[in-house]
Amino acid sequence: MLEIRGLSPSLCLLSLLLVLHGAERSQPPPRRRFEYKLSFKGPRLAVPGAGIPFWSHHGDAILGLEEVRLVPSMKNRSGAVWSNISVSFPSWEVEMQMRVTGPGRRGAQGVAMWYTKDRAQVGSVVEELASWDGIGIYFDSSTSDVQDSPVIRVLASDGHDLQEQSGDGNVRELGSCHRDFRNRPFPFRARVTYWRQRLRVSLSGGLTPKDPEEVCVDVEPLFLAPGGFFGVSAATGTLAADDHDVLSFLTFSLREPGPEETPQPFMEKDQLLLARKLEELKARLALGTREASIPPLNPKAQEEGERFFNLEDTLGRQSQILQALQALSRQMAQAEKHWKQQLGSTVQVRPEGGWNTAKVSTLLYGQRTLIQALQEMREAAARMASGAHVFYLPVGTKHHFFELDHILSLLQKDLRGLVKKTAKAPRPSGWLLGSSTCLHTSIFLFFLLLQTVGFFCYVNFSRQELDKRLQEYLSTGSLSLEPALPITRTIGVLRRQPISPSMQA
């Protein structure tokens, strides 16, 4: 039998740690549930005029559609957002994305994420945490040492401390790590998980969109009672100022892993729904309600049936009207014939005492008026009968083609009449159809050239006459009694004439 002696304590401790780590990794992860009332993210992060749903903002915080700017890049500013609803579950996980940008290597006071018993309003100064009952993850960028800045610290106040409480009542630092979260090309992500009295803070660098997370602080055992509030705050100092933006704050409740609920197939859900409806129908039939027993008619089919019955009623009424109008027309014809017979008999029979002229004329006028009215009524009845008969005929019969033929013949007659009127209209001699009344270009240029030649001939002739008169004036010294020459033209001619010897003397 092989016997092992001299096993060192360090090896035993290492093996124990490996066993514990393997057992921890073998445990299934907790079940997560998204809590929308404790979360916010873009786009449309804030409702215009109403703020963030289920959250309140304080101080210099500026709400946008994509992010919450806790503090702008101005000195001595502070702002915060706090949840209006408390945390009702014992274990939770928060995923936060933020961006801190500003000039220089040294930043402002930084950003702090809180889980406290009571809600505060503004500020991220560490000294104020002593009066709070909670913890805070403090992203500090105000350290004077550039090499050690920025730093992430996990702080706790009275009531939420380690089980081995020191009793001094001051702020305790549970852990810290150095990560540069200022001026990153992508948002800086932080994951805070509280599960089974263990707090873990994991960070991503923000150099790429999917940087791997690294554990910054892992503290246990730590007891955090439910009923607290989440908050995020930031502040700037007197020396430097950064823009502090929170892009998203997502909260998840954690529960013990259990047997997964197998979702029912879609067909089973349909069967259950149909079975429930069948039971409801049976219950209604048992009560004897007629409305439930008679299935409702299809509204579209019902509308079509009503339309069909209405059409039949209309056609029946129109046929009755047609028959009544035809009978009325026959009665009118008989009445007209009877009145004509009576009128002829009254003309032939003459009383012994003679006719009264006024009475006879009045009687004849009344008879003519009555006959005319009867004729008009007969024509109106005939028109109504023909209209009703046409309406009664079904669509697609030959009478439509007869009507179209009649309309086309009328249009042809109108067009022929217009053509005849146009042909009979008087036209000037030499008029051609389609000829234009505008002047041709060649004729216009010919007259323009003729006018130009005449103008130049007139100017040349006038100039020769003027030169001739001036020569006579210079030779004789006397000017004929002609109309006075224009002074400007005379001076121009004199300038062009040479000086004679007599004028020089």
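Using the three backbone atoms N, Cα and C, a Cβ is placed for every residue, glycine included.
For the residues Asn84, Asn460, Swiss-Prot attaches the annotation N-linked glycosylation site to Asn84, which does not rule out the feature elsewhere. Between the listed disulfide-bonded residues, namely Cys177, Cys216, the fewest other CB atoms within 10 angstroms of a CB are found at Cys177. Under DSSP, Asn84 (N-linked glycosylation site) is assigned to coil, being neither helix nor strand in the three-state scheme. The two recorded residues Asn84 (N-linked glycosylation site) and Cys216 (disulfide bond) have their Cα atoms spaced 29 Å from each other.
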